[in-house]
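> Dumping the structure here so I can ask a few things about it.
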Amino acid sequence: MTNIRKTHPLMKIINNSFIDLPTPSNISAWWNFGSLLGICLILHILTGLFLAMHYTSDTTTAFSSVTHICRDVNYGWIIRYLHANGASMFFICLYMHVGRGLYYGSYTFTETWNIGIILLFTVMATAFMGYVLPWGQMSFWGATVITNLLSAIPYIGTDLVQWIWGGFSVDKATLTRFFAFHFILPFVVLALAAVHLLFLHETGSNNPSGIMSDSDKIPFHPYYTIKDILGALLLILVLTLLVLFSPDLLGDPDNYIPANPLNTPPHIKPEWYFLFAYAILRSIPNKLGGVLALVLSILILAIVPLLHTSKQRGMMFRPISQCLFWLLVADLLTLTWIGGQPVEHPYITIGQLASILYFTILLVLMPIASIVENNILKW
């Protein structure tokens with residue numbers, strides 16, 4: 001008799017995706033982040049659902065409803081901090097996942113890569129709207145500053161901003177619609193993630209060496225399920241330490257002050273995971289130019305497959321490209337640091353240089369390095 005997991009219509013999908021999936025035998029821990037992102041997403045949807053049961057999306061009660069969750073709801077504080085710090089873990093896993101794709105040339109699976117970019121944008125939009133919901137000072141001013149960037153779009157900019165606001169300023173209508181979008185978008189992310197997996201399983205996984213691995217595949221279960229469980233336990237450990245010992249480490253103290261449209265915080269800045277893009281935005285003294293650079297800082301990932309000039313797929317055997325990759329990582333860390341600093345003398349210049357370097361590495365240096373490496377190997 002045939003096993004039920006191979007015949008039942010629903011079980012068959014699960015079997016082909018997570019049990020009998022042929023997987024390269026040499027994929028490293030860098031391939032764990034996909035499953036970790038799935039865990040983060042499920043955790044977020046669950047904690048978010050419980051938070052939504054007690055949250056009110058009204059400007060007069062939003063802040064106090066979050067306080068009520070933390071003080072009066074059974075284990076409300078842990079649900080709230082799991083949700084807030086879970087976002088940080090989500091973005092750490094996301095950036096590691098994208099970095100892995102860049103390093104090992106996984107972007108040559110163009111459909112999977114492009115769906116991934118759409119996913120990245122959607123998750124960023126969701127996180128931004130979620131940051132607005134507690135209606136603290138940084139929530140209000142963050143929403144005001146970031147939505148205002150759309151006014152840089154010629155001709156329709158101002159009308160577009162007021163249409164998003166639902167009025168002439170960030171107010172009740174804005175908060176209500178942001179809550180609605182913040183609630184629905186994770187389910188869109190879930191659907192997109194399924195499409196992402198669908199396209200990935202059409203081609204099969206990449207591997208560290210970047211060569212075809214059809215001749216050496218092993219079943220996903222038990223080899224990689226156990227490996228993913230180890231990664232998940234480490235993720236849960238870090239998240240638990242963060243939530244139970246220093247839940248506000250990555251947050252902004254200004255968000256514990258209720259939103260006040262008449263009082264601007266001294267330094268308006270987003271959550272740490274957006275600081276690199278915020279630094280690129282601020283480094284250009286022109287509003288439209290800054291907005292374009294901000295969008296391009298993520299959208300540049302879409303043209304990475306077009307700039308792949310190497311005869312090899314990954315960077316495992318390409319030392320010059322490896323150096324450039326780690327220079328890019330260092331540059332992004334520098335941008336993250338700059339994004340959190342005030343706009344004054346040394347930081348402005350460092351930010352501008354780091355922004356130029358970011359685009360130069362991806363658009364100019366990496367393609368040139370690949371050609372040089374091809375020539376060294378006489379390819």
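Numbering starts at 1 and runs along the chain as it is shown here.
Here the Cβ of each residue, glycine as well, is placed from N, Cα and C on the backbone.
Annotated heme b b562 binding site per Swiss-Prot: His83, His182, in sequence order, evidence recorded as similarity to another entry. The heme b b566 binding site annotation in Swiss-Prot covers His97, His196. If you look up Swiss-Prot, you'll see His201 marked as ubiquinone binding site. Sequence annotations record features per position, and here Swiss-Prot assigns transmembrane segment to 33-53, 77-98, 113-133, 178-198, 226-246, 288-308, 320-340, 347-367.
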> According to DSSP, collapsed to three classes, what secondary structure does His182 (heme b b562 binding site) have?
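Helix, per DSSP.
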> Between 113-133, 178-198, 320-340, who has the most Cβ pairs under 8 Å to the transmembrane segment (347-367)?
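Most contacts with the transmembrane segment (347-367): 320-340.
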> Does DSSP give the residue listed as 'ubiquinone binding site' helix, strand or coil?
helix
> Looking at the binding-site residues listed here (His83, His97, His182), whose Cα lies nearest to that of the residue listed as 'ubiquinone binding site'?
His97
> How many other Cβ atoms are found within 10 Å of the Cβ atom of His196 (heme b b566 binding site), counting all protein chains shown?
21
> Short question: most Cβ pairs under 8 Å with the transmembrane segment (33-53), which of 77-98, 113-133, 178-198?
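Per the Cβ count, the answer is 77-98.
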> Sequence-remote contacts (6 or more beyond its ends) of the transmembrane segment (77-98), Cβ cut-off under 8 Å?
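For the transmembrane segment (77-98), the list is 30, 33-34, 36-37, 40-41, 43-44, 47-48, 50-51, 66, 69-71, 116, 120, 123, 127, 130, 235, 238-239, 242-243, 247, 250-251, 271-273, 301.
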> Counting only other Cβ atoms and using a 10 Å cut-off, which of the binding-site residues His83, His97, His182, His201 scores lowest?
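Among the binding-site residues His83, His97, His182, His201, the sparsest Cβ neighbourhood within 10 Å belongs to His201.
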> Quickly jot the same-chain residues contacting the transmembrane segment (113-133) by Cβ under 8 Å, restricted to those at least six beyond its ends, or write none.
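Residues 55, 57, 62, 66, 87, 90-91, 94, 98, 101, 106-107, 139-140, 142-143, 146, 174-175, 178-179, 181-182, 185-186, 188-189, 192-193, 195-196, 199, 270-271, 273-274, 298-299, 301-302, 304-305 contact the transmembrane segment (113-133) from elsewhere in the chain.
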> Can you tell me the CA-to-CA distance separating His196 (heme b b566 binding site) and His182 (heme b b562 binding site), as a whole number of Å?
21
> Cα distance, His97 (heme b b566 binding site) to His83 (heme b b562 binding site), nearest Å?
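Answer for this pair: 20 Å between alpha carbons.
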